[in-house]
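Before any comments, here is the structure.
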């Protein structure tokens, strides 16, 4: 049986409703195809992630050039690059959660069948949402308490740095809630663990 025919049976309802199954991580998934506003929000997350990564790289290059070419290194580039990397890590975690492309072990889900896999996936999302919500709340309190602390080189409030965790875990929490809703209302869009394993094997 070909992959197209095998996938066609399990995703027939999606295709009939106008849902195009994404074949690559960069392609928009079900909620992005249904909502322009959500797709715009995801694009903002991706643009912010790219900007932070480019900014981090640029700051590191500037530090290297100023130190080894001009022998007058800037005192703030290393610290600012570290802060940009922290923000990049948390914002990109939210984007990865939105596209559901985190590294995952699908061995158990592939043995539970389609319904069991959906139940397991929903349970995992509930755990992720609970932990992310707790971390975002705790991070917000911690960031608020660090408002008067200043970074030594840039004099930036440390609350700006700690807020990265609040934003990142907040995004993960919101995306997890959305995927829980989709698992309940549209179980046909839940990724098939067995299909993923076979596709990776090929």
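Note that Cβ sites are derived from N, Cα and C of the backbone, with glycine treated the same way.
From the options 23-41, 80-98, the stretch TrEMBL describes as transmembrane segment is 80-98. Of the Cβ pairs linking the transmembrane segment (160-182) with the transmembrane segment (80-98) and spaced 6 or more residues apart, 3 or more are under 8 Å, so the two regions touch.
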